[in-house]
Amino acid sequence: MGKKDKRWVMQRKNDFYYKLAKQNHYRSRASYKLLQLNEKFEIIYEGDNVVDLGCAPGGWLQASYDLVGEDGFVIGVDLQKVKPLREENIVAIQGDMTKKETINKIIDLMPSKADVVICDASPNISGVWEVDHSRSIELSLMALIATTHLLRKNGNFVVKVFQGSLFDQYVQLLTKYFKKVQTTKPKASRSVSAEVYVIGKKFLGKKFDKNTDFPIIKLIEDNEFLDRYIEETHEKKEGNETSDNDEDNNKNGLMIKKIKELRGKRSKL
């Protein structure tokens, strides 16, 4: 383990919410983000049916159970297999929330339509700001699309989004589907994190319309941010060609290659 990794492990172990989660047997410090969000915005109530999109490792499942109690029901889905929880009214399934068969399976397992849909999922991090933001927006859009099939009218929605150039447009998009939309960063979020939580209250019952909401999707599909990053990186590389810093030039070249590979792998919505 390198020095950087050791430092990260020590910082994590000394983190207040990490230690608190351990003490209270939560699987993740993120449990406190949901509890704080709920305290401020009153999203989840006792007896609610809750769907958790991207639920691994299960911290939000546990927090949701604490909020809904024995009369509620919580179901989570994730690409990874999630270790089962002991409570009978918490179910975790393995699946892709973007697939119709996964949505249908969730619907079949639920006693009724969801009162609340939550999503604390993060994309695979590349280390390139605009790439990660673009991926986060894609993931948040997928969560919204799934939510329009799972959530009852007047239900609530919570989703994590990374800050960036498309953030405001995503928030604006949610106003078409929810009567009230708010944004916040709970105390349990690390100050260095780019994450912001968007809360949609009172779902209007509309299905996602790709034709109506095409502008934000087109911006992602056109890879506008990746194009701009590559262009800027090329300019920096050309500016460094007269210097002796070959290491920086090599890093820039590798980053451009990495972004192009990422672009090729990205799936369309």
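Glycine too: its Cβ is placed from the backbone N, Cα and C atoms.
Per Swiss-Prot, S-adenosyl-L-methionine binding site is recorded for Gly58, Trp60, Asp78, Asp96, Asp120. According to DSSP, Asp78 (S-adenosyl-L-methionine binding site) sits within a strand segment.
Sequence-distant neighbours of Lys160 (active site, proton acceptor) (same chain, six or more apart, CB under 8 Å from its CB) are Cys119, Asp120, Ala121, Ser122, Ser136, Ser140, Glu195, Val196, Tyr197, Val198, listed in sequence order. The feature active site, proton acceptor is assigned by Swiss-Prot to Lys160.
Feature annotation from Swiss-Prot assigns region 'Disordered' to 234-269.
The feature compositional bias 'Basic and acidic residues' is assigned by Swiss-Prot to 258-269.
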Taking the residues the record says bind S-adenosyl-L-methionine (Gly58, Trp60, Asp78, Asp96, Asp120), how far apart in Å are the two Cα atoms that sit farthest from each other?
18
Count of other CB atoms lying within 10 Å of the CB belonging to Asp78 (S-adenosyl-L-methionine binding site):
21
Which one, from the binding-site residues Asp96, Asp120, has the smallest tally of other C-beta atoms lying within 10 Å of its C-beta?
Asp96
